[in-house]
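Pulled from Swiss-Prot:
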ACT_SITE  Ser154  active site, nucleophile
ACT_SITE  Asp215  active site, charge relay system
ACT_SITE  His268  active site, charge relay system
DISULFID  Cys50-Cys279  disulfide bond
DISULFID  Cys112-Cys115  disulfide bond
DISULFID  Cys248-Cys255  disulfide bond
CARBOHYD  Asn100  N-linked glycosylation site
CARBOHYD  Asn173  N-linked glycosylation site
Amino acid sequence: MKNFFSMHAILLACSAGAGLAAITQGISEGTYSRIVEMATISQAAYANLCNIPPAITSAGKIYNAETDINGWVLRDDSRQEIITVFRGTGSDTNLQLDTNYTQAPFDTLPQCSGCAVHGGYYVGWVSVKDQVEGLIHQQASQYPDYSLVVTGHSLGASMAAITAAQLSATYNNITVYTFGEPRTGNQAYASYVDETFQATNPDATKFYRVTHTNDGIPNLPPTSQGYVHHGTEYWSVEPHGPQNMYLCLGDEVQCCEAQGGQGVNDAHVTYFGMASGACTW
């Protein structure tokens with residue numbers, strides 16, 4: 001299969017807006033493998049963690065019946081990591097959260113001055129906040145040398161982003177991997193994430209916002225409603241591999257977002273050849 005776009009076409013596509021986004025082609029094998037591993041866990045969350053790596057065990061379930069937010073706190077003793085993963089949209093209740101674009105003040109994180117986040121996802125976060133913080137505190141107390149990882153796809157990606165921002169007030173060893181993440185907050189929130197996780201510095205970042213070809217969900221909610229993406233975008237094109245990952249840094253309209261995808265499409269439900277909940281990998 002040919003590459004999804006030539007580099008020339010990518011640069012043209014990314015030149016919309018005030019200026020040209022900075023594009024870097026290729027990432028290391030190690031970073032790519034790590035991203036794919038987190039994508040596996042995020043996609044498996046749609047089917048009760050089917051086919052996750054055998055070294056990873058569940059330390060507790062996250063669930064709220066009113067919002068239908070689902071997730072797990074996991075532990076990988078081989079890597080000394082405590083992993084929190086959120087499932088993406090899996091019900092009409094979740095869809096109601098998805099479409100609540102009214103921004104909500106990020107009141108649970110007063111350190112984030114002026115920050116507002118997606119109203120539906122904030123409702124989701126508040127509904128499970130105590131569970132998440134309790135489970136992570138339990139694991140972090142028992143395994144104080146372990147680092148924290150937060151991940152998720154789609155709705156789960158925004159939940160992961162909000163969770164990581166919240167946890168940053170307590171922990172300083174957090175790495176985040178999101179897949180098909182919608183825009184999650186306003187400029188103040190995006191700036192907070194960028195600063196906290198060094199998200200605009202590919203050499204030091206602790207936040208990997210991964211997109212895929214023309215996935216339509218990263219185009220939502222629209223910027224006209226005050227939403228802004230945070231950090232460097234890690235754009236995956238096909239055929240999948242470390243050399244077909246592009247780091248897109250700069251303008252809001254960049255790589256995936258510039259391809260015209262709208263809403264849930266094939267590129268959204270499949271990342272690195274793994275369909276959400278299909279468990280065929």
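Positions of Cβ are set from backbone N, Cα and C atoms, glycine also.
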Sparsest-packed among the disulfide-bonded residues, when each Cβ's other Cβ atoms within 10 Å are tallied, from Cys115, Cys279: Cys279
Among Cys50, Cys112, Cys248, Cys255 [disulfide-bonded residues], residue with fewest other Cβ within 10 Å: Cys50
Per DSSP, three-state class assigned to Cys112 (disulfide bond): coil
The residue listed as 'active site, nucleophile' to His268 (active site, charge relay system) - Cα separation in whole Å: 8
Shortest C-alpha distance to Cys248 (disulfide bond) - which of the recorded positions Cys50, Asn100, Cys112, Asp215, His268: Asp215
Inter-residue C-alpha distance, Asn173 (N-linked glycosylation site) and Cys279 (disulfide bond) (nearest angstrom): 30
Spatial neighbours, same chain, of His268 (active site, charge relay system) - Cβ under 8 Å, 6+ residues apart: Ser154, Gly180, His212, Asp215, Gly216, Ile217, Gly261
Same-chain residues at least 6 apart in sequence whose Cβ lies under 8 Å from Asn100 (N-linked glycosylation site): His118, Gly119, Gly120, Val123
Among Cys112, Cys115, Cys255, which are recorded as disulfide-bonded residues, the nearest neighbour of Cys279 (disulfide bond) by Cα: Cys255
